[in-house]
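Annotation comment: TrEMBL describes Ser279 as active site, nucleophile. Look at TrEMBL and you will find Asp351, Asp354 tagged as Ca(2+) binding site.
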Amino acid sequence: MRYIKFVIALVLTVLLLFTLGLNHPYGSSLPPIGSFFNPFSGIWQNAVGHELASEEMSLEGLKEPVQVVFDERQIPHIFAGNTEDAFYAQGYITAKFRLWQMDVSARAAGGRLSEIMGENMLERDRLQRRKGMLWAAEKAWEAWQQSPEEKAWVEAYTQGVNDYIEQLSPAEYPMEFKLLNYTPEPWTPIKSALFFKNMAEMLCARNEDLGASNTMAALGRNMFDFLFPENNPRQSPIIPTTKTWDFTPIAIAPDTVSDREMLSYSHRGIPQPPPFIGSNNWAVAGSKTADGHPILSNDPHLSLTLPSIWFEVQIHTPEFNAYGVALPGIPGIAIGFNEHIAWGETNVGQDVLDWYRILWADDDRTEYLLDGERQPVVTRTEKIDVLGRNQPVLEAVKYTVWGPIVYESDDSQYQDLAMRWVAHDADAGAPSHELGTFVNLMRSKNYEDYSRALTTFSTPPQNFVFASREGDIAIKVNGQFPLKRKEQGRFVQDGSSSAQAWQGFIPKDQVPQILNPERGFVSSANQRSTDTTYPYYYLGGFDDYRGRLINRLLGNMEKIRVEDMMAMQNNNYSLKAEEGVPALLGQLDQTGLGELERQMITDLSAWDFRFEEDSKPAFVFTSWLSAAFRLTFDEIFALAENQEVTYPETWRFLELIYQDPYHDIFDRQDTPEPENARDVITQAFLETAESLREKYEDADYSWGEFKGTEIPHMARIPGLGTGYLSVGGYADAINAIKGTHGPSWRMIVKLGSEIEAWGVFPGGQSGHPGSPFYDNAVEKWRKGEYYKLNFYHSPDESEAAGAVSWKMAGGG
């Protein structure tokens, strides 16, 4: 069935593209049709050969024999005599399953898509180079080489990937290489470093500097401060409010230069990472569980694609036995457990990227002003090869004391902007070794080991949750956090003054963290790290609902079982709806309503605030809230047509409805009469009803259909994604499933006398669409079910379970 589905979907898609004479989804011309359909080396070869068989192989890159056993889901369990051989095997196997994903992901991060996809990707590649992504990866590899261990790990992984590539015949190339008509190239350590920088771009590059500056300039300071308070009084922070800070903070120099004149400038719109990135994690102490053992849960919310962003693996060496998920392209395990501890991450959300306006000293823009002195830019010429061009494109990227000038324009209404970003730092007092962090977590046996492992982690900042068989639970808001004075980095800053520079970084022992809190659990869901008593200033983008609900639920739970944690990860309840529905209904003028409108009110009044896939009130609430938000902040939406803006947070909008319904902000700009909250909320309700009436005459609508969840092929090739999935979830529910983002890996670990773990991700181990293991776990994930993870202690144990075995011997 998988073979038939794959061939029919792919052949029809490709034939349609050829027939219509169109370019394929990537933007370059299609491969020659004869070679693509060649029966011996073309696409037909990708529909077969995906079953594994036990075998023995000789590989030059190994020092000692390695045995890899594949269980019933094709999860590799690697048993090696040393760590380098383990990572060699991990590289070899990951390449077998995910080679094209690895290749295209590294190209996307480093600005090299034009080589294989043509002119359509050139501007994207230029932007990646101007952001300094390749430059940052090169610096990361230089830092890794300062650690003999990390250097050896990356080189072993790289050789494993390349040894797999070298033995491939053209017939065995993954399907996407044939569709794009190019061949795999060797892997390099720089490409592994690019994976870390890609995660940093995804998780800690989102910012509001430009939008906040434009919005402030339009609204004025008083209105801006009114609409954009930095702290939500209802927030339940990651570190409990009972925490005391028993350290002396570093003194921050006061502001000596006003940013106010910056607010008169306009700033262009900039590409931003998706706003749906988030995650949940928590650990409960044995005092709150049914059997007295800690339980750790983690579900990172990332882009959902086929193949999955994660690769599931177990790695066993004399110094550790670890299981979890890895990023294809990086050795080690990012989220997982071993025989002693479990760990997981969520995104911190603090602002670690600032923009600086450059004041040029000459017309040629080769020098800029800093404290009245002329400073030369350092120009790095980036060579970008483009499919179809005989000569490469040369992109001159200018570097300043702040970082690269990402945006440079001849249009005087826009400012040339340089980017200061923690992911550009190779060292900040000491080299950052994120790779070493994850390997040392795999080695860790207790809290002290975990805490020591985190000291080398810089970016992207993550909330690392921890639990151990010894009974400890902990969480640390971990990473490199700039020392800033109040509001520094909230707006675009003056790049001609060194007074605007970061004043160092918060010491690693002073970042927010807690061990064994009295409440018996730790948790994070991208909310604020602390309450306002924390002595250092920070700002960022924080979730206002999931963390509060998690803390409410865990605070009320006792005798917790693994099944309770599974139910929590799949919980579709929304605090936003709990607070938002009464706010909207309380202001609605219900006179003269029709049958549909009355039914909408009835449904909302009876709703349990759960975003199930068949829910009608979930659809009505989100549509109504969105319409009311748009009508209220119409002046900001009008600005957004021409420039980058920022919008008030939903919690603040609801707070205004409850506390200040007659404020001028509710007055619409397009009408002569003054409006209040009741007017705009009623108008939004009527617009929502009319929209439903036009689109769904028979009133047959649902939240799942409106949300439209799907898991596409990572290059959006038609027919190779899941199509529509009927599933619940909501951005502000714990089960934060959106359209194409959501829980990318659900994991629960019970740390008893024997480690037990459950997990699932929406995909499969294989990146080959013809494989039965390409999307075999999607349905289980959709239904909120889990696999019991096979955590083996020896190859004999796994072989007894009927696993396929590869015995790898060194070729020397």
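Yeah, the Cβs are placed from backbone N, Cα and C, and that goes for glycine too.
Looking only at other Cβ atoms within 10 Å, the busiest spot among the binding-site residues Asp351, Asp354 turns out to be Asp354. Secondary structure at Asp351 (Ca(2+) binding site), taken from DSSP and collapsed to helix, strand or coil, is coil. Within 10 Å of the C-beta of the residue listed as 'active site, nucleophile' we count 26 further C-beta atoms, all protein chains included.
The two recorded residues, Asp351 (Ca(2+) binding site) and Ser279 (active site, nucleophile), show a Cα separation of 17 Å. If you take the Cα of Asp354 (Ca(2+) binding site) and the Cα of Ser279 (active site, nucleophile), they are about 24 angstrom apart, rounded to a whole number.
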